[in-house]
Amino acid sequence: MNHLLIAPILIPLLGGIIQVFIGYAPISLRRTLALATTVLLLASTFALLVLANDGSYRVYAFGNWAPPFGIVLVLDRLAALMLVMTAILAFFSHLYAIHRTDESSRQFHALFLFQLMGLNIAFLTGDLFNLFVAFEVLLIASYGLLMQGPGTKRTVPSLHYVVLNLTGSALFLISVGMIYSVTGTLNMADLAAKVPQVSAENLPLLQAGGLMLLVVFGLKAAILPLCFWLPRAYGNATAPVAALFAVMTKVGFYAIVRVFTLIFGSGAGALANLGLDWLFAFALATLTMGVIGALGARNLRTLIAWQVIISVGTLLAAVGLGTEEGTSAALFYMLNTTWIVGGLFLVVDLIAAQRGSAVDRIVTAPRMHNRTLLSVLFLIGAVAAIGLPPLSGFFAKLLILQSTTPGAEMAWLWSVLIGGSFFTLIAYSRAGSIVFWRTVDGHVSSTDRLSLPVTVAAGGLVSMAIVIVLLAGPISAYVDATAAQLFNTSEYLNVLNLPVIAEGL
Amino acid sequence: MELAYALIIGTLTASGVYLILRARTFPVVVGLTLLSYGVNLFLFATGRLVTGGQPIIGSTGEYADPLPQALVLTAIVIGFAMTAFAVVLALRNQADNEDDHVDGHRPAPEPRAEEEEGASR
């Protein structure tokens, strides 16, 4: 039992508690401590990535209660990948938040760190009910974060977001209850072992529970019929919050991948590959909807928010293929899209601050003060998001296209993905050329000059598009190994047999 | 007992869903509360309904499953906190927009009909 496994939960928890108590301390102290917490978290997740890279499962049993009776944390390649991705995104968002966002509220850093704690619990947990608790922790922090910032424009989107997620939580509890009533367990490894043995009369109950879980995770991931809350909520959130929320939809994606390959995967007997064909169709519809939304966006933030939905559709379409190659390609694309979308939210905020009353609307305005730097950052972000060569988005989409086998699925995926990319290109070109090229004479009286931290934060996230290309070899080797580990579900069942007594306590 | 229990869960959930679909924040908050009551009772029933049993195997002939009870306890605590937050948010909406419509304002067409409906409730 390795105690390092709990570090990504404890570090933001302790850092957040400190922030709660020092709300009236000088802001420089709060900023230093908060950023130190995030850096420490980043270091611990990299340590876990190195640990997980040997391909074995590591288990942390709370209170030394053996699974399936106690709650366990399970570290595997997928969990480590999600942790590192979140920590890098969180570091840059946090760096950006220190610019000005955190002045509006004394609890900003505490909420931000609790949000990270909730995310990390969700990625590490090996228990379905604990996943529910993690969702609630990250959601209640996100409710607070969404309300950050001046003005009243966030109230209504927040209200919709809260009500929708509370209803989603109710559905989650109902499906968890259904699954428990049939299998008598909520430990994921134990569920994977027991689901194939469920008797025929109980099967419909389990099937209903499983499909309701898909609805709940679909709400978190924002797939088509459940995605209309997202553009308004993300479009109105302050930039670092919106950037961090780029990972929120990936929690839903992660939960779908975890539950529907492990518990309802190919080894689930009568319920094998439950919901997979639904997922593929809905994912393509989501992708189309996202592209339509991006084409119709009237301001840059909304455009990026629709990009989140496009990426969810692309990710789930690749996972919906139900193959190892598809999942591997989806994980590669996920790294690209999460960082780039987060970076674009930050860049757009910098652009908005230099355009006076035009803010981020796609209209002509006086030229920006730092137009060269900002336009290059926007160009890199847009090229990576659309998937044009030579940046990471191109390779990610290429991997997804390559993962299909000839047939109806291939025809659908290729046509929707390539057509969607083309129209996304039009949306970004239109927005970029109006904002950067069609400028009018005159100048904006009070512009925000770029400071070093915000430039580093926005530039750092966007330049991940180049980093991913440079490290494409190791990253694709890692995601291939992750997908292989995911699909070899029988290995996961060993979680139940691992000795939990800590040696040399 | 099972039938009465199931009917109660069904009534609570149906009322909750109906109220959540209303256009004002107050019924929506009440609806969320009713829905969470229904869900909590449902979760409790997933351990099967047992009367007079103890939550320890072997102490009585029939034992009551303790795990759903723990789950319900967690769900109640979380639901309580979330309801409190939803109430605060509804008040904020009322203060910011001077209206408790869930969209912050009444829809533009037919404002009269909406007003009458609001007054009759």
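Going from the start of the chain as shown, residues are counted 1 onward.
Keep in mind that glycine also has a Cβ here, set from the backbone N, Cα and C atoms.
As written in TrEMBL, here are the features:
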DOMAIN    A:126-423  domain 'NADH:quinone oxidoreductase/Mrp antiporter transmembrane'
TRANSMEM  A:6-25  transmembrane segment
TRANSMEM  A:32-51  transmembrane segment
TRANSMEM  A:108-125  transmembrane segment
TRANSMEM  A:131-147  transmembrane segment
TRANSMEM  A:159-183  transmembrane segment
TRANSMEM  A:203-230  transmembrane segment
TRANSMEM  A:251-272  transmembrane segment
TRANSMEM  A:278-297  transmembrane segment
TRANSMEM  A:304-323  transmembrane segment
TRANSMEM  A:329-352  transmembrane segment
TRANSMEM  A:373-391  transmembrane segment
TRANSMEM  A:411-429  transmembrane segment
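Remote same-chain partners of the transmembrane segment (A:159-183), defined as residues 6 or more beyond its termini with a Cβ less than 8 Å from a stretch Cβ, comprise 128-129, 132, 135-136, 139, 143, 146, 190-191, 194-195, 198, 202, 205-206, 208-210, 212-213, 215-216, 219-220, 226, 229, 232-233. The stretches the transmembrane segment (A:251-272) and the transmembrane segment (A:32-51) are not in mutual contact, being linked by fewer than three Cβ pairs under 8 Å (pairs 6 or more apart in sequence). Here the listed stretches are A:6-25, A:108-125, A:203-230, A:329-352, A:411-429, and the one with the most C-beta pairs under 8 angstroms to the transmembrane segment (A:32-51) is A:6-25. Simply put, out of A:6-25, A:108-125, A:373-391, A:411-429, A:411-429 has the most Cβ pairs sitting under 8 Å from the transmembrane segment (A:304-323). When each of A:6-25, A:278-297, A:373-391, A:411-429 is checked for Cβ pairs under 8 Å to the transmembrane segment (A:108-125), A:6-25 comes out on top.
For the transmembrane segment (A:373-391), the most Cβ-contacting stretch among A:6-25, A:203-230, A:278-297, A:411-429 is A:411-429 (pairs under 8 Å).
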